[in-house]
Amino acid sequence: MGSLKLCVFSLILLKFQYISAEFFKRDVIELEKGPEDVAWVVQLSDLHFSVHHPERALSFEKIVGPALSMINPSLVFITGDLTDGKSKDLLTMKQDEEEWLEYQKVLDNVIKKSGLKKNVFYDLRGNHDIFGVPAIGGSFDFYSKYSINGQLKRSGLVNSVTIQTGERSIQFVGFDSIMSLGLRGPTNLFGHPTDQLLDEISSELSVLDSQPAKPVIKIAYGHFPLSFSAVSQSGRTLKETFLTHNLSAYLCGHLHTKFGKNLKRHHESNQHPLYFKHLLQLNGHGSLPNNSKTCSDEATEFKEFWEWEMGDWRKSRAMRILSIDRGWMSFVDVDFKLGAKNVIILPTFPLDSRFTLERSFHKCKVESLNLNSIRALVFSSSPVVSVVARIYDSRPGNLVTVLETPMKRNEDSTSRGNLYTCPWNFNAFEDPSPDRFLLQIEAVDIEGRSTLTELRPFSVGGLRARLSWNWKEFMVMGCQWEALYFPILWLFYLLTLPILVFPKAIFVFLRKQYTYKSLVGNRKLVTYVAWILSELYNLPLVWFSIIIYLFYLILCPWLSGQVFTEGGEKGYMTYRGWVLRFNEREKLDFHGFPDIMVVVLPHLYFVVLPTIIVIGVLVAERAVFQDHLRALSAKKEDDYLVKSNVSTLTSGRNKTLTLLHRRWIRKMLLLISLAICWKHFLNCRALIKAYAMNPFIHFPVYSMSIPLLLTYTIYKTSRAE
């Protein structure tokens with residue numbers, strides 16, 4: 001009996017060891033061919049293969065396969081939104097198996113054309129890839145069946161692969177931060193890292209820390225930018241995890257180029273004045289480097305990393321090539337909208353001063369030997385006959401060429417790619433301005449075609465240039481939307497409820513009334529507001545309806561609908577998220593927070609708030625018109641409106657009287673009311689399509705209150721009493 005127990009225990013132990021080995025198995029790529037200590041990878045994102053737009057897949061297969069063959073990267077990352085999952089009118093969002101079959105077929109053809117091994121491709125889910133998926137691994141989870149990761153049995157939410165050069169390790173950690181339940185859009189917009197996911201990411205990022213012999217470069221990739229990533233249940237964030245483990249860069253997608261091509265953001269461990277309690281960052285570069293540090297200052301290492309969002313394939317046909325040259329990162333985003341490229345150039349040194357890391361240029365760690373050459377990777381489909389590096393000085397106000405020198409290819413018959421270098425005197429380009437000097441490289445192939453890189457600012461001292469955002473870039477990269485949702489929500493109620501309720505209490509308590517005549521003698525903003533509210537209180541049904549509706553939006557469900565692709569249970573939506581079922585403790589379990597903001601905030605600020613303002617102005621206009629009619633009756637000034645010839649002194653007054661008499665202001669308000677109702681109708685139509693609802697059954701209060709309020713107010717203010 002004892003020997004039997006021992007055998008069983010041994011089998012369990014062997015099984016545990018096997019599972020552990022499989023669980024902790026990590027891919028490693030050894031780079032043996034030249035160029036030495038240089039690696040490069042490719043990133044693609046937001047393919048959005050769609051049955052309604054077959055040209056996306058066709059151009060991908062036609063262009064990407066040959067391009068990858070020319071570039072010959074060590075790894076290829078596809079960071080989410082592999083398929084579109086949308087109807088032709090863009091309002092119904094759910095999985096379409098035909099799109100996934102197309103994705104599988106196209107990727108197989110691309111891999112064949114590229115000549116690369118399938119296991120160097122890594123793809124992960126975006127929010128479009130889980131629209132309406134009730135359970136990961138279920139019948140509607142086509143990603144697990146048709147994606148490259150799914151076919152290669154990379155079933156975990158975290159996947160790690162390391163490139164080993166002769167000098168260092170370059171670790172890439174990819175993760176899926178999708179929500180646990182794939183709600184249909186539009187309330188499926190954010191990444192939702194859990195505490196368990198953050199623990200797994202931390203575990204992977206710390207794997208190589210016990211190998212101090214080789215320096216390690218850590219790079220993460222995912223779909224969602226950090227500005228569209230929620231906090232975990234315990235309040236932890238991806239940013240904190242990345243900073244803890246000395247990440248160098250985070251590669252992501254999701255936002256596309258419609259918001260701008262400058263969607264880059266520098267993150268750091270210190271709190272500087274451009275942060276406001278983790279809510280906002282006003283620019284992309286963060287605080288600028290402090291180059292006065294000495295070696296002793298490095299006792300506590302400065303922690304920082306770059307977040308680089310890239311453009312989409314969907315419309316922009318974008319591809320990114322990221323290189324790590326002797327530990328320094330550079331990238332180029334290639335635009336294939338005009339077709340394939342014959343030559344692609346990626347300067348790897350000097351670095352683009354807009355995207356440097358402070359720790360990369362610390363004086364105690366950088367050897368001058370690493371600075372003594374200009375370096376660039378040149379990928380070409382035909383032989384290159386010449387490569388020239390030029391440096392321009394921008395200080396005179398126009399570009400002046402200060403260096404023009406040919407570059408030579410590193411001789412290596414078994415090279416993975418062509419690295420061109422040329423010597424230079426880097427000390428000649430030291431300058432306190434990080435964007436004074438600009439680098440440009442030109443390559444000419446055997447057919448005489450010339451290719452120029454963009455003008456890149458550089459700083460040999462590691463100074464970081466300013467990276468400014470336009471307003472759209474700031475909105476999507478500089479705002480931490482998960483943290484801003486509730487402040488923006490409660491700001492609306494802070495603006496509306498006190499203004500509607502407190503004056504009513506004061507008027508009742510003091511028994512004071514504001515009239516149009518009192519306004520004439522005291523033209524102040526407070527008096528205007530008090531007078532409008534006083535008139536609004538004369539329509540008690542309207543006032544009570546507004547108050548009740550505002551409380552309804554906080555206390556009650558907004559709507560109910562079908563949140564999964566097919567057959568799943570219905571859920572109901574509140575301002576806190578979707579409620580699908582009670583949890584084990586018989587308490588409400590909310591999903592889709594803060595994704596729900598895409599429905600809540602537009603409704604409050606672009607429908608409800610304008611409605612309240614228009615109602616207030618309508619009742620005020622009626623009061624002014626009533627006063628005007630009384631004045632006409634008492635002073636008999638009707639003659640002013642029928643005279644054809646008026647003096648210059650009275651023409652202005654006649655225009656005012658005509659405006660009042662014809663009620664043109666009211667007519668303008670009616671047009672604005674129609675615009676509000678139209679906006680509300682579009683919102684309701686989008687929700688009907690998205691969640692398969694009937695507005696009269698599944699969300700009557702949400703859909704009918706605003707039109708009824710406006711209609712009743714227009715009717716009650718149509719005649720002067």
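Glycine is treated like the rest: Cβ placed from N, Cα and C.
Positions annotated as domain 'Calcineurin-like phosphoesterase' by TrEMBL: 41-257. TrEMBL lists 340-463 with the feature domain 'TMEM62 Ig-like'. Among the features that TrEMBL reports, signal peptide is placed at 1-21. Summarising the annotation, TrEMBL assigns transmembrane segment to 484-507, 528-555, 596-620, 696-715.
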The transmembrane segment (484-507): which same-chain residues, six or more beyond its ends, come within Cβ distance under 8 Å? 279, 513, 529-530, 533-534, 537, 543, 546-547, 550, 554, 575, 593-594, 597, 600-601, 604-605, 608-609, 612
Other parts of the chain folded back onto the transmembrane segment (596-620), taken as Cβ under 8 Å at six or more residues beyond its ends: 186-187, 189, 481, 485, 488-489, 492, 495-496, 500, 531-533, 535-536, 538-539, 542, 546, 549-550, 553, 558, 573-578, 665-666, 669, 672-673, 676, 679-680, 683, 687, 702, 706, 709-710, 713-714, 717
Restricting attention to the domain 'Calcineurin-like phosphoesterase' (41-257), give the mean pLDDT. 94
